[in-house]
């Protein structure tokens, strides 16, 4: 069964003009929703993602509640790592913890390959369920980027400074590039499988790449990213790049064969465009504003929209994920305001 979907988000990704600015929010499915918190009382994140019906429900919930223009599959960037031999546990209040961190070329060589239909069939089944029976907006698939995945695999968990990761990168370049190649292979296969299952766009999250300077990015990270985007591009769906604290890297991303450059709040949209970023742009509200009074939110969002709408190809989003403390009613009101305000401005 082929469902008719609202393609406003996809049009914006392709740099086309739209009647209004499409919006979705990173971590829109999850921590701020009472319904989700009740589910989490009974099930862990990995238990939810292993249950296609439950995972599809969680993924669709913000579409119904907030009227956003895209759904993003509920899962974690660590979800594919067990398939290649990495033991991951999501610990409450900490995040992903890995008991067998990478320390040598031999550790890298032990990593296997992912076969999505065998290793993560529940993720693909969730995508099929959502796209054939449930959603009337596009579904975004996603993956972590090699650098961010490598940082968890080397540090053994979250880090404030990523000293071990960068030390490994500098001191063991042969092992580093072997790891980047292994992870790039995994990301390519994983994203292609999500697209084949029905994802209409994909986003790559490089959450911690902002810790790397431009010169090191070009040498140690960009080659893997170029290969990922080049090999996934023939699949014909929009591809989005997003990182946090990475304003100094947006021109490097713009050079990649992708469609949408994601921005966080540290770099104004108009400044990114002044630097030469003229692909579609996604962003870039500081999620902290969602805890402010509505009058403050409205004025701030107007400013972001006014910048974003100056060129076709703009998607409203946050610069990072929704906080648990955010009132779901605020997100619903925000989506309505984005749609109505942008529609009025674009009609002028």
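For all residues, glycine too, the Cβ spot is worked out from N, Cα and C.
Feature annotations, courtesy of Swiss-Prot:
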- 27, 28, 29, 30, 31, 46, 76, 152, 207, 320: substrate binding site (BINDING)
- 76: site 'Transition state stabilizer' (SITE)
- [ ] Counting other Cβ atoms within 10 Å, pick out the least crowded of the binding-site residues 29, 31, 76.
- [x] 31
- [ ] Show which residues of the chain containing residue 207 (substrate binding site), separated from it by at least 6 in sequence, have their CB under 8 Å from its CB.
- [x] 77, 144, 148, 243, 244
Open item on the list: Neighbour count, 10 Å Cβ-Cβ cut-off, for residue 27 (substrate binding site): what number do you get?
Closed with: 18
